[in-house]
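Have a look at the structure below, then the notes.
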């Protein structure tokens, strides 16, 4: 999914938190940053003023403004020209410092957004860098029910009618929490982290066939819903046409594998849906098994090792 953010959107999202004022270049509100993970040489999203390797948001603190003041007239004009020519998303001055008139005029003439904040430079840098990195991170929407089970994020998937929503309802009644139904959105906020959230339209809602749309917060209380969770496991429900006949190895290890989501391989456990199976208990067990495996505890491997040792002892 291609993502972007404009200067106006960034300003509106951070105005209150960073006490921002827009003092010049109002016509540049449509300038935007496009997410482009394939461009290894793209500029940094936010940073202190850098003329050689410019940032998309250039922050001017006390030292940066003092450096500008130390330049002679020609050098100062050339430096401001360089700052403007690369078309940054915005310029941000920290600590409510007064804006130099020549910089303000250049920003107005070039339609470069110029903001002033009461925050210190490092606060601007931290907040803007984090917000931009998260906003522009790769993201994808997957079909399924995303829940918190035993404190880890579990995505329940399966074809239509496989019982995902009914399973989610049973898990809710057992004390687990809903993050998103039907269309959870996952953002890769770090090389090994997928953060799952719920679209605003579907917040707190769960659709169950025969019952319609349920408000989970109203039915089960505030603790039954979760704003976001990291995706750690996928449980896939499948309806086999015939009784499955797993091999001996599958009977030991279960039907496990992985699913590629963005740049990560997420562990996946497949559960056959058949009459009489308690899917809620099986899903809880699958989650506990995954937690054990992350700690290096694998019951199947332990059994195979015991079996091998027993055969070795009995071999003459």
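Note: Cβ is positioned from N, Cα and C throughout, glycine not excepted.
For residue 143 (active site), the count of additional Cβ atoms within 10 Å of its Cβ stands at 13 [all protein chains shown]. The active site feature in Swiss-Prot is assigned to 143 (among others).
Annotation note: residue 160 (ATP binding site) sits in a coil segment as assigned by DSSP. Taken from Swiss-Prot, the feature ATP binding site applies to 158, 159, 160, 161, 162, 163, 164, 165, supported by sequence analysis.
Positions annotated as active site by Swiss-Prot, on the basis of sequence analysis: 164 (among others). Counting only same-chain residues at least 6 apart in sequence, those with a Cβ under 8 Å from the Cβ of residue 164 (ATP binding site) are 144, 145, 156, 157, 158, 237.
The DSSP secondary structure for residue 165 (ATP binding site) is helix. What Swiss-Prot lists as Mg(2+) binding site is 165, 207, and the listing cites sequence analysis.
Under the three-state DSSP scheme, residue 182 (active site, proton acceptor) falls in the strand class. The 10 Å shell around the Cβ of residue 182 (active site, proton acceptor) contains 18 further Cβ atoms across the protein chains shown. Summarising the annotation, Swiss-Prot assigns active site, proton acceptor to 182 and lists sequence analysis as the type of evidence.
Residues or ranges marked as active site by Swiss-Prot on the basis of sequence analysis: 251 (among others).
According to Swiss-Prot, the feature region 'Important for the catalytic mechanism of dephosphorylation' maps to 272-277, an assignment based on sequence analysis. Long-range contacts of the region 'Important for the catalytic mechanism of dephosphorylation' (272-277) within its own chain (CB-CB distance under 8 A, at least 6 residues past either end) are made by residues 158, 162-163, 237-240, 243-244, 255.
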Env. residues of ATP site, Cβ within 8 Å of mean position of 158, 159, 160, 161, 162, 163, 164, 165 Cβ: 237, 273
Residue 165 (ATP binding site) to residue 143 (active site) - Cα separation in whole Å: 12
Integer Cα-Cα distance in angstrom, residue 182 (active site, proton acceptor) to residue 161 (ATP binding site): 12
Spatial separation of residue 143 (active site) from residue 160 (ATP binding site) - C-alpha basis, Å: 10
Separation of alpha carbons, residue 159 (ATP binding site) and residue 143 (active site) (Å): 9
